């Protein structure tokens, strides 16, 4: 039976996710509604993807009885109200990353999902790529021995994108790009809470974090580190080293190859749909299918991206951000 999706926002990432859903068998996924704050945008989006309902408010979509799961694709400062709205209406929710601007927002969303008994998941799509699944298998098998250190880097020059440097919209590198790095380290070290978090960084003239390096000390004497930047291009790779070798991931946010002890294995993206805004956009299908599987099993959260880990990721990002002196308007609410 098809999973019935409602798309909240008609932006770029919503376009890519809907392109994927529309390319999958209609017996598995159907997009039944889209909502944007501008009805014209919602109607254009609906026309493009042949979606039966277009709404000019998120409230209308939340009330639509035909919507089974809402995909929240707004900018991250708008995630919390949209998520709470849909959860209150009894909709399952897949929310884009980062789920919230700070840990308090994420905790509030998680608490609401649990009190409502409704499914909620942070859309950390990278975790579902076959290359990342293969890396997890490498760790389980002990191929690289006992873990010692992991590192991730993610940086692009985004200074030409107004949202990236907008303090009111919680711009900056940590929330936009750092989430990919910290989720990688958390995956490697089993979602443990770091014993110590330290950070150094450069603050942009608008007050957002520009380029930040973070060191995470984990139990057992192992550690991870990452650097993210919105003003410079970085290698955008990640690696984990152990007593018997090293595994490397290219394109950390959308990986299609894994190198283990010098042996390279490629995982080509599926040929599905076209005209994506983001690299390897067709790979969103792995995440979509995971949500369907979770809901068909009656799960209230994902075993791959559990809610407690989403809370932890938000705590780490907030602590790192405040360590370099960056606070956002949302922190005062």
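Cβ atoms are placed via backbone N, Cα and C, with glycine included.
What Swiss-Prot records for 71, 79, 97 is site 'May play an important role in coenzyme binding'. Residues annotated as site 'May play an important role in catalytic activity' in Swiss-Prot, with similarity to another entry given as evidence: 180.
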### Message
Name the residue among the recorded sites 79, 97 whose Cβ has the smallest number of other Cβ atoms within 10 Å.
### Response
97
### Task
Reduce the DSSP letter at residue 97 (site 'May play an important role in coenzyme binding') to three states and note it down.
coil
### Query
If you measure residue 71 (site 'May play an important role in coenzyme binding') to residue 79 (site 'May play an important role in coenzyme binding') at Cα, how many Å is it?
10
### Query
Counting other Cβ atoms within 10 Å of each Cβ, which of the recorded sites 71, 180 scores lowest?
180
### Query
Cα distance, residue 79 (site 'May play an important role in coenzyme binding') to residue 97 (site 'May play an important role in coenzyme binding'), nearest Å?
9
### Task
Determine, from DSSP, whether residue 71 (site 'May play an important role in coenzyme binding') sits in helix, strand or coil.
strand
